[in-house]
Amino acid sequence: MLGFLKKPVVVTAEINVNLVALTVMGLISRLWGLSYPRAVVFDEVYYGQFVSLYMKRIFFVDDSGPPFGHMLLALGGYLGGFDGNFLWNRIGAEYTVNVPVWSLRLLPALAGALCVPLAYQILVELQFSHCAALGAALLILLENSLITQSRFMLLESILIFFTLLAVLSYLKFYNLQRHSFFSGSWWFWLLLTGVACSCAVGVKYMGLFTYMLLLAIAGLHFWHMIGDQKFSNVSLMCHFLARGLALVIIPVAMYLSFFYVHLTLLYRSGPHDQIMTSAFQASLEGGLARITQGQPLEVAYGSQITLRNVLGKPMQCWLHSHTNTYPIRYENGRGSSHQQQVTCYPFKDVNNWWIVKDPGMQQLVVSNPPRPVRHGHIVQLVHGITTRYLNTHDVAAPLSPHSQEVSCYIDYNISMPAQNLWRVEIVNRESDTDVWKTILSEVRFVHVNTSAVLKASGFIGASLPEWGYRQLEVVGEKLSKGYHQSMVWNVEEHRYGKSQEQKEREVELHSPTQMDISKNLSFMAKFMELQWKILTLKNEDTEHKYSSSALDWITMDTNIAYWLHPTSGAQIHLLGNVVTWASANIAALVYMCLSLWYLIRRRRKIYDIPEDAWQLWVSAGGICGGGWAVNYLPFFLLEKTLFLYHYLPALTFQILLIPIVLQHLSDHLCRSLLLKSMFSASIVAWFSSVYLVYCTFSPVTYGQPSLSVTELKDLRWKDSWNILIRKQ
């Protein structure tokens, strides 16, 4: 029974020495001297702010993309014990002792290092030789720009890692597909494809294009399966559902989970939450939540409210009035009503308070029990401090003569009667009997007499002149002009009025609100709002010293100075390996020309290469050439400030194309032994030049050793490169 103990237990393992060696070299090239320089390097000044906010659990919005990449950087800070206390205010600022520089830069560096063995495995899975795969990995290893970008607290190396991982996972899944269906390995690589795609999109939206490329390739492969008669209908349906689960449902679920973790971690109010709706702000700890916590939920006749414009661009503002009146005549000679001014004011102020009044009653307090205002009800809005009624009439607005002036009515007894009735329309109502709710209801006010809608019109960038204190204009806009968010308002602060006397009411308006009802948004509501803000919120594009156009990237006519030592000539630049970049362009051009030649010849029934070689050529081009195209061409359509590092994901795919083209030329165009020998010798010479250029530019890749003025000038191989030379 115990006979198995008579023999030793033997475990055998296959170790790919190439893969191990490449991984070690990748780690050394990216992790060596990682804490140097111990100063803020280029965009670390940007991403570092978000890491600090994560450490302090303060909410923020970054319009550059989803939060997963930021969370990975914050994870590095968390593992290093970072407390978030550092002022990320300028490039070159020395890090204080509490900043774990090595830990913050670790994850991008690891991602960059692992791209080296990933490149090797991708070419192996594409059925190319181990020699070609080794060449691809070494080109990635010796690419100066990829080294520089992966050694700092930046996101491009993480994005490239997940895109390469997604490609490798799909290739492994596809190769297993030929002989093993629904096995453990088959499921593992299929699921990992979806996970890696989701992570790539979660780091930066550019990852979406690689995801779409893989979806298209998977769809094409499945289309071929449909034409294969050996698959039954049931089997095809199972394959379709498996791909749908792994490549669509799981990535969407993971993408949502990134936001769930992001919103769970960032539960405190901060400066960024002001661009969010009142409901979102009220869900955060501190800030608006401190003011609005426990407010009455239902707006009633007699309620005291502040009305915030929903659009919030270019800044949030509240419906406001003050004792000053419109000038009798404007600068252009046009007359006004000389009524009390109504504006949209971008700061909290006691003059933002209004009282919701029942037109049929005189009281300005809430009855017992309160009578809620519903969709479609007619109300009057009384300015809390001046007790004048919100009014609009057929008088041209000061800045928008095509719209009606909005004012608080003053009885001048000049045959201009008050027109102060407004119909409450709840835009996001579920039924026509919905009650007007604090924060949650988005409301439009329609003027009963003229059918004009109350609108904040100052969002075109104009503000009232000095007589209007540079505040934003409010107008009555005709309904026929269409719907716009600037016509929608929500109640932000709310209390039930108790004082009928004006002096007592003014004291009440100056006091904070104190009642007890909580208003919590669901995760999906917060996700939808935050996602919309990320997609639509755009910072003003300003020309940057190192910004460039997409056309400059192909020939590397631009560079970026990342860091300069305060006293010596040591500096770090984003500069690529010139030989590699030129070779990648030539390889892409050769691939396109050869493909066109083959296609024309095949159309004429002339087959220059075997069918399996043709299929390999097409599939490799679809992955590598397609990866370059989808990561590069979209930048010609984007209206944003562009930098050289945006090209690195596309460059990575283009580099993979070099050994593919070289092996194809060697196998199919070099037909004699002499040609093959000469071709091999030229490849050795070419690769030696790649290594030589890497070594030449390594001082500005790693920032050390420091170079003399003459040495720095010698590195300026192109007049368009901005190598920093200190004045002597």
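Cβ from N, Cα, C; glycine included.
What TrEMBL says about this protein:
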- 296-359: domain 'MIR' (DOMAIN)
- 370-427: domain 'MIR' (DOMAIN)
- 9-32: transmembrane segment (TRANSMEM)
- 68-88: transmembrane segment (TRANSMEM)
- 100-120: transmembrane segment (TRANSMEM)
- 154-174: transmembrane segment (TRANSMEM)
- 186-219: transmembrane segment (TRANSMEM)
- 240-261: transmembrane segment (TRANSMEM)
- 578-600: transmembrane segment (TRANSMEM)
- 612-630: transmembrane segment (TRANSMEM)
- 642-662: transmembrane segment (TRANSMEM)
- 674-694: transmembrane segment (TRANSMEM)
Maximum Cβ pairs under 8 Å to the transmembrane segment (154-174) - stretch from the list 68-88, 578-600, 674-694: 68-88
Local confidence of the prediction over the domain 'MIR' (370-427), expressed as mean pLDDT: 89
Contacting positions for the transmembrane segment (186-219) when only residues 6+ beyond its ends and CB under 8 Å are counted: 64-69, 72, 155, 158-159, 162-163, 165-167, 169-170, 172-173, 176-177, 180, 242-243, 246-248, 250-252, 254-255, 258, 622-623, 626-627, 630-631, 634, 646, 649
Contact ranking winner - 9-32, 100-120, 240-261, 578-600 against the transmembrane segment (68-88), Cβ under 8 Å: 100-120
When counting Cβ pairs under 8 Å to the transmembrane segment (578-600), the leader among 9-32, 100-120, 612-630, 642-662, 674-694: 642-662
Non-local residues, at least 6 beyond the ends, that sit with Cβ under 8 Å of the transmembrane segment (674-694): 135, 138-139, 142-144, 577-580, 583, 662, 665-666
Contact set, same chain, for the transmembrane segment (612-630): CB under 8 Å, 6 or more residues outside the stretch: 122, 126-128, 163, 167, 171, 209-210, 212-213, 217, 588, 591-592, 594-595, 598, 602, 649-654, 656-657, 660, 664, 667-668
The domain 'MIR' (296-359) - residue tally per DSSP class, helix then strand then coil: 3 helix, 30 strand, 31 coil
